[in-house]
């Protein structure tokens, strides 16, 4: 038990509240078990045979999670027998495993990508659990996104059904930050940081020419978190388009009008765009070009290319105004970098939580911070819904306040503005209040 | 009221709980008002005359806070009259002010340092409040550390005493992260990130030679947060010394023994050290060299130089073993960089919260996230205690688990280790548990 | 004459040889005037009215050149009257000028882009020289690429024709490094450095999956210098395709065969591609899709997208082999960054050389290092030919040696290999030789 | 002979001129053999047993040189048997060797430091050559600075004396760039780039306070190249002090006067200082504190600490003026980083030149660019003198022109300034001249 004696144990009774912004009379709500080392450990060190697998797309920090699962098991619990599953789920049944030791993984957190390689799909519950059983594995650490965690839930259920004493732990991975319940997913912070380079480049390009229009496409298929945070961090963005907030191009209050206005005011405009934004338009375009060859269509699926072309066509043909379009897609350059310090620490916490949970004999759980405290969450809770940017949320309000972009909503809100003003004037005789 | 209509208002009834790790029967505890825009605003836009002042040492992100106070006041509330106080508190009464507009501060967040310049001391409550009164200022934004916030509290009290309708808002600044109540202070994340460069350099240097000993001194006069987080993020550190955890050099369980052991095992060792660690030893050394000239003494106050010399002397003279000492002090190189994306967003939130609070007519408050929700906290609450690393906290336990460094405690814990093992074996017949 | 007295003057007789790798009996060849301050200066400080204009695409370092022309004129020669021409050549006759002072340009070298903004085209010799004459400008500094320098030559000729005492100095700018005579163009070093990010990302992506194929498109319309140097600097590239070296896709010795072989050997392959490489194929593809709408065609002009699609189609359809294609186009992210230290110094030297030359009364020249010594070169010399990668040059040989990529030449070279071997064995009885 | 057939061979008759700035009638001067692959190779691939050793301090790029020697020997000449000598010269006789293959060294260029580790001293010619003989080594690659190259010359002489057919090749390494004959040493470019961080930090710190004085100490024991180039690249430096240019502190034209003047003008001043600058003063100080303990003295040897203290004392005590001193020593943080793209290419060229030279049967040579063409230079030529900054050189003149710092010379130059002016006015009737 190398260093566990130095740990402060977490009581199995400790829980973390899902909701913390409350009113005086609000009910207690859902709570999760707090993550951390338990005084009572289920597995004997020498009996553990763990395995680690990574699935899906790249994300900064995967290697740190792998490293810290291995080092955590070894340094904190004296576990020696840890297998690396190669190339995603299908690696369970179609590839050799490798032995993971602290020495082997010592420097991998300084590199991007995944040391264990990855793939999409390949999930075959029966084959995987057969393989777990045959190899005598009793701890399974699964790093992956939404689809991967659904697969993990199936493995957990099958393991239960067969009555195996195997702990199944999921570490949720998605650069998009769209996982429910938990505060944020690992790699997200690094991604937002790295996205600044692309936004800066777009800004410099458009500032240096006449009527410069910069379009930067960022990750986010169903949620606009990266686009939103990257916009807030940069302060050089005029407009941020995300899947959660529909927009339209033409007419009053549309994007073209806004772009034209900013070009008149500043001579340039920068648009940040989540890859999932405006997919309904791209799909429409696809339809109209039907009959064309596959390659052409595939290219048009890219909303960034599509929007750049739309803006270019509008200003060239309709407005007879020459614009300088600069389109940047930094996706791979963001995904492939190593995690920053903040994500390194975060990945360490996730990995250690997972290890403590599995060693304590918990199974069927994922790990993650809930209101900044690490907790164990049933896998099904994180896969049943997806986290999206709520348009009524404070953070989106902050973004709108900072970009002053159109809301792409109908015109009732003009009224609202008037009402606000009225109220403000009314209360002007209030006395200033100490907190 | 330019864009406030787009905001979702926060109800004055919303509160944030200070404690969130609770047990089923634990009491409700302290709550703070949630930060954010209020439906009812106290000040009329055209009547606001705000000012911003920065005090104390540098920290990444000060310029972002300045920028976002100015832009927040202007974009969200239509405020035009914002004064910059130059060079800290003494700027109120001894320097000219400058007019701050969104245009003037537009790019300052891309630079380190403080656009308004800073100084230490110079606090004279009477003169400052006279000046506030004479200039007709009714919103005062004060960015600074512990001492500065105490000064802000005095200004607030004097303002109250004189019955002025002036909102006093503090934005707590300390790169050390030692401010009570709030989750973390701005610039901290950037500092931990930048500290990696120094740790990497030390690691590369000592790996390339025989018996290499790297010592990296980081910020942290009374608290070891930067050292602790930088150590956790790096994974290349053998030992982390912080003010909160006393250590000793000689004898069994001491630092020299540990260094010797790591040199034997790996050929090198990297020590990260908060500037406030081991000050009792440095003070002692100072005493013994008493009588020497000022310059000599001042140099010895640097615990990094002191420790490097102690280790060098011990191994050279006592152990007759040649070591390669590499001492790095990256302090200024860390303090002076611009804030990263994460801190940029954080600074924006702090600034906007402060602006919303002051505009709503609150006074005598500081802003900051409590359990990841931004709140208004009475200034006195953040100055009455200082945040330090709790040795019983999970994060310090994680660090110890990752470095496996000596605890520098007495030897009772060996027993403890044994007890742990016994319990673990007892419970081995438990069934694995679903979360 | 502020600080010129500190300078070591360059004699007007000093020349720089164009060729320096010589044999004992080779002729002396072409020489250029050495750049630098002259003891005899043509212009009086107070009579100088200089102007600076930037044309064409972005390139790291433009702002440093602008800054150093302004500071050089002011600090070294006491010149106060310097005009900035806005937005390229057309700025001479269609826009207001701005006054450039050391204070105004003090920090611009820390930003990418061009402080004076830029445009393509807009060259109207008569209007420009009219404007020069009307405004009383007597020194014209023109920063731009091949087309821009041709324009500068026309301005110079018109100025001569009209008998104006106006010095016309060109500072050659092209990120592609394809300017004849001079050693390299400014910004090139920074571009090669920044290109590493994209290559690293591609490498990490393809290493993490099965059959990963990374394609990175870099700048270089007619010359492959950036692609070649970025490949040499990285060591992670399997194949580098440049405009100067034709290649083919199908059949023995073709690119598909090479990609397949590397996939079999290593599981992944990284291709770096200059934007001008294989344009003949892209043009062909364009032809076959003739009749389609403009937008479709324009997309296909991008050789990177084209090659990615070709490889994908070949392996999916012909080889029935699933590959993971990762295409990265970092062009704008490279062009828009500030220059690195090396380019900063280089830009300073170019600017100061131009200033010394104009002040000495030279005209119709460009500046640049010839064999690492800065020289004045007649504008026509740098525009009459373009610098390209010579396939017989040592640097290309080094690249081939490092990537071991196919030469895409016919099969005679196999013979050559045999001959080499024969000779080597013959001389094995030579004695080793001191240098 | 894997890929040599693709190379363009260099004729043994090709030479590189040492001098290229010439006048029409100047003599031909010294020439060196041009580096590169020879058609006739001395060694058979299968008979080569090469070894590589690294000595002295760290410098960016050592790992790239090691990697490219190994890959060059293997890819270009089919050599399989390459030994790594561990930990510098003493590794020849006191340590085990390791086998170096392309696979082993594949990624080392992405890390700082030296993969083979290093040490100072330990040179014992007899033991080393015995060992070379005993192990059957016939190619020795020695990477190191001045002292190391002197050692290489001794090994070469002993090898000659014993009549061994062993090629001895030196690759000169010094971050200071003080090696004679060659254009620059590897790692220098990276060092100048990285030094910008420290200068930026100093500049931000002093700009943010009143009377801020930043002192940055850079490498350069006997030559000020890094300080000079870092100053030129930054444009934020007020004064650059190097070993080659003596300076004085007090009185008219002294440093204190200059600092005071800049503080009055700008409120801050940044001084860059090579570690070897002003050593005569530091030595004097040491003398006066004689009798103190070793540790005190050692600290005072640091000219950066010494100068900071002198300035502080002068302004505090003599001038009664409070200053804010910020001293930064980034030495280890610069030395330990990986080489940038430019140095990576440069290291590749050095390594490949060395390999071609040794394979061609040359011995007793070092490699390096002479006027930007790579050449073979007798070891003795690079060790007999050291390269220093010539105060009459154009580059130092450029620096003085850019900082406008005092020359610390006597006052005759004031006269000179006047003379310049006179001449300039005289020639004002010259006509402008085409190049």
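Cβ atoms are placed via backbone N, Cα and C, with glycine included.
Automatic, uncurated: that is what TrEMBL annotation is.
From the candidate list A:86, A:275, A:280, A:384, the residue TrEMBL records in the substrate site shared with A:174, A:175, A:176, A:219, A:220, A:221, A:332, A:333, A:334, A:335 is A:275. Among the candidates A:57, A:212, A:214, A:224, the residue that TrEMBL annotates alongside A:120, A:121, A:145, A:146, A:147, A:148 as binding ATP is A:57. When the alpha carbons of residue A:120 (ATP binding site) and residue A:275 (substrate binding site) are compared, the span between them is 19 angstrom. Neighbour counts of Cβ atoms within 10 Å were compared across the binding-site residues A:120, A:335; the minimum falls on A:120. When the binding-site residues A:57, A:121, A:145, A:146, A:147 are screened for a Cα within 10 A of the Cα of residue A:335 (substrate binding site), the ones that qualify are A:57. The Cβ of residue A:147 (ATP binding site) lies under 8 Å from the Cβ of A:55, A:56, A:120, A:123, each of these being in the same chain and 6 or more residues away along the sequence. Neighbour list (residue A:176 (substrate binding site), Cβ cut-off 8 Å, at least 6 residues apart, same chain): A:185, A:188, A:219, A:220, A:221, A:222, A:223, A:225, A:226. Reduced to three states, the DSSP call for residue A:57 (ATP binding site) is coil.
Cβ-based crowding with a 10 Å cutoff singles out A:220 as the top-ranked of the binding-site residues A:57, A:121, A:145, A:220. Summarising the environment of residue A:146 (ATP binding site), the number of other Cβ atoms within 10 Å of its Cβ, over all protein chains shown, is 19. Chain C lies within reach of A:333, A:335, taking the binding-site residues A:121, A:145, A:148, A:333, A:335 and requiring a CB-CB distance under 8 A.
Taking Cα separation as the measure, residue A:146 (ATP binding site) is nearest to A:174 of the binding-site residues A:174, A:275, A:333. Taking Cα separation as the measure, residue A:121 (ATP binding site) is nearest to A:174 of the binding-site residues A:174, A:275, A:333. Each residue contributes its Cα atom, and for residue A:148 (ATP binding site) and residue A:174 (substrate binding site) those atoms are 10 Å apart.
Under DSSP, residue A:335 (substrate binding site) is assigned to a helix (H, G or I) in the three-state scheme. Residue A:174 (substrate binding site) is surrounded by 27 other CB atoms, counting those within 10 A of its CB over all protein chains shown. As a whole-number mean, the pLDDT of the domain 'Phosphofructokinase' (A:50-356) in this prediction is 92.
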